[in-house]
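**Q** Have a look at this one.
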Ligand SMILES: Nc1ncnc2c1ncn2[C@@H]1O[C@H](COP(=O)(O)OP(=O)(O)OP(=O)(O)O)[C@@H](O)[C@H]1O
Ligand SMILES: [Mg+2]
């Protein structure tokens, strides 16, 4: 049986031009599919960065909130009511907003400011330099060292700049798990200082972070919050809600889907078409093999082998190309959002299997219907 | 009398149904013997290829039987007939059907590969037969680089590589000039005809009749007679 596959391999690979066209078709399709979907995955995970970094179990928010960055402030009584719900272990406010920093050279830089509950500092980042207690010192802010850090001129402890005409003093350098989508540096301070520095409405809390006593309390809390006219989501629900917003309410999801479908169709047509010509060109020879005594299932095995070999090679090249592209992009844009995830790779694999399946189905049908008698007759 | 290699009885084949039905072969019976070269001749459309396709297990007859070395081949299953063809029969098709993307040697080895023989062994035997047809120095080339006569010899090497008892050649000289045709046929007769092998050749070419033992004449799907030919009955003749 091995010899048959060796013959199949040689028939395929020795036809340099067609083999190259097949590989280009599949590689291109896989590359585009993975590139598109991994960019999408990257964007989605970035869009929930705050939710992941803060790490609260439950989030209470205005029902109209669609993404974590666009919070809608809630009146103070909501915090008190949430605290009185049975099943709530503790609840703290979170401030999330944006401000303009005026750097020493006089340029302005937009920053995200997170205000942490003064009593607990719940959701604080891991510090790589400085002391967390210094956040209570005069003008104390912590800066996150991520890809956007340089936009604040690489501050160190003691660096000062202006924020909305207030003085800021960096007292700590922190790090977080996921960086954000918008390419903006992030500062942390206390809730009260955030309110003081940043303009706000009558209402103040962007989110209320809730820790239920037990996992089963989450549903009860959600129900009670709902009755108050607000929305309580678990961390995963909130991430899903944000993902759904970017996927369905912006052009992003549709465009990615469209690009994925187009790359699939292009890949399918290039590879399918080339494989078809390849089979047609060798059809008489396959018929001659039948006349000599090859069994149909052996010919089918040869064709499936050729399709599988091409598909897997193209798949590997496509993934490799994609990894190289992302690596190159990271050299220029350190915070380039694309991440290759297993679902991306799996989706591309499924599409490659479909491409190979359709291409070889056509070939197999042709080879099965060829009559050795017609070959014999010439 | 030599042993019977092929015994065909009452072979009949028609194509189509109703008004368009053509009777391609009608009630043909004959025997072919080991050690003989049997020609099948007749006008175009007289049913030669159809008849030999039934004899070689490629086309199922509407009526009649074919026995090869005592096996009633059309009683076998599809896979069994394929295996039978692979082991007992060698074919030289009219337009060779060599794979252009394989080397000459790999082309010749194909019947052995289909028999699931070891690759290196198959290649060695292919080279042995390329030597027999005088083309060992072309082993690594693709067949398209060879002349028509050389391709013909490659096809012959492929047909004999598994040492089949029955060798079937369809119009072997159709695309060769007269001299090359005679050279190929005299080679076939001299080198390939043994008393364990029966060679059946379809031809229009009167210039090669001298190499036949017997000639079957067909017309309108019917066998009209069998005549003794140049090479005489049943002895293996040399060229000189
Ligand atoms: N698949 C088919 N369908 C319909 N008719 C067929 C088919 N195959 C052969 N025939 C008919 O059967 C008859 C015999 O054909 P066959 O090919 O056996 O002739 P032949 O003697 O080999 O001719 P040639 O010398 O031209 O090769 C012809 O009339 C042909 O048209
Ligand atoms: Mg014919």
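Backbone N, Cα and C atoms are what each Cβ position is placed from, and that goes for glycine too.
Features from TrEMBL:
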{"type": "DOMAIN", "residues": "A:22-220", "note": "domain 'MacB-like periplasmic core'"}
{"type": "DOMAIN", "residues": "A:259-372", "note": "domain 'ABC3 transporter permease C-terminal'"}
{"type": "TRANSMEM", "residues": "A:20-44", "note": "transmembrane segment"}
{"type": "TRANSMEM", "residues": "A:256-279", "note": "transmembrane segment"}
{"type": "TRANSMEM", "residues": "A:299-329", "note": "transmembrane segment"}
{"type": "TRANSMEM", "residues": "A:336-358", "note": "transmembrane segment"}
**Q** Do any residues of this chain, six or more beyond the ends of the transmembrane segment (A:336-358), have a C-beta under 8 angstroms from a C-beta of it, and if so which?
**A** 26, 29-30, 33-35, 37-39, 41-43, 45-46, 181, 260, 264, 267-268, 271-272, 307-308, 310-312, 314-315, 318-319, 322-323, 326, 329-330
**Q** Determine how many residues of the domain 'ABC3 transporter permease C-terminal' (A:259-372) DSSP places in helix, in strand and in coil.
**A** 100 helix, 0 strand, 14 coil
**Q** Across the domain 'ABC3 transporter permease C-terminal' (A:259-372), what is the average pLDDT of the model, as a whole number?
**A** 87
